């Protein structure tokens, strides 16, 4: 039987793969009356990116739970007549606002806040160059093209942190869901047993001209910061809240519980969660967030008596205290406008929102370096590591001798051959670059030796055998004179 999956998912692991670049084309221009038309192979198209885009219509990560693998389309291969391959289509994945992108090790890559904010999760591979782009004065007729590069491939962790202005925190069955249902039009599940709320609920509240959102976080218990109860699963949803609201059950009959001890226990859990919040995500602490205390269930006579006893001590802490009843709606107007005022103060302190931006994974600035080290698994073998050598190897079609020679020229120009010689490599030594292992022969020429001179050059292009009009007339006149002399005719 298939396991039940909640419709609210706030943490998933996905695998993203960008499209591969298309291969370049090696072709020669063919047209009547144009012999040796030269190379005209087009470049391959770039592979498509995988992008995460904040979409206001998406509220959970449920789609990624069912489809954790995402792959963009590949670039198309180049063609003759200078036709470049089509660029692969980007794959756009909508995510809810407040999504945090992390590596499997917990490193934060992006915090997606703001509609339209885009994160390039995987970049498409570059297309290979065609032989037209590879031609030069020294290499006028390349008989090869470069292969397209593979696209990026990553495992990513997506975490959703609700973007709410006020967060309701409290023990299970304190009345948080009932409170959000009367403050807003939200319809959370409400029942008289603990942990009725298993997922955060968001509600939109209007107080005068101010509109703000309130999050109902599942109930906390002592030890939540260490994983007890629902643990850290939902504590992350209060990280972005401007105001924290302690909802206290003044009608509880549980032994050893009272409003003061409940508030102290909640504050202790929040204080324990703050160091983990700073360490893992670099976010600010929760200690400086303004607090409001809501003494709930004032429709019960015993609750009102208890509220009168604890209210002075709570007020001494500098927190506004409100006595409310979700059944009779007592005190809701005052609470609504107090929350609006606190939210407005927080918004006034914040900088102007930035326009939608695109976040790209940082790429190393210097990719020209490389290292040569002995292969620990084999004798007289070496491993070359570096972005450029490994990329060049991926671009090389090893069934083409001229392409292999071009790779050898590039490696020699970069200094790889010199570095191998300094490290003791000899002709025939085994060298590994990326996924390719070959026997090293320094400065080995490649390509067609008969017709071609240097690699990528065609001696026929330098030969000028066409006869000029003057030469044709002179030859015709010479033939006519020869025929006249043979026939004995003498002109005037």
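Using N, Cα and C of the backbone, Cβ positions are placed for all residues, glycine too.
Swiss-Prot annotations:
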type: DOMAIN; residues: 6-163; note: domain 'Obg'
type: DOMAIN; residues: 164-344; note: domain 'OBG-type G'
type: BINDING; residues: 170-177, 195-199, 216-219, 296-299, 325-327; note: GTP binding site
type: BINDING; residues: 177, 197; note: Mg(2+) binding site
type: DOMAIN; residues: 362-442; note: domain 'OCT'
type: REGION; residues: 462-492; note: region 'Disordered'
type: COMPBIAS; residues: 462-472; note: compositional bias 'Basic and acidic residues'
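Projection of Swiss-Prot feature records onto the structure.
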residue	record	DSSP class
170	GTP binding site	coil
176	GTP binding site	helix
297	GTP binding site	coil
325	GTP binding site	strand
- What average pLDDT is reported by the model for the domain 'OCT' (362-442)? 86
- Query: According to DSSP, how is the domain 'OCT' (362-442) divided among helix, strand and coil residues?
  - Reply: 30 helix, 17 strand, 34 coil
- Item | residue 177 (Mg(2+) binding site) to residue 297 (GTP binding site) - Cα separation in whole Å | 13
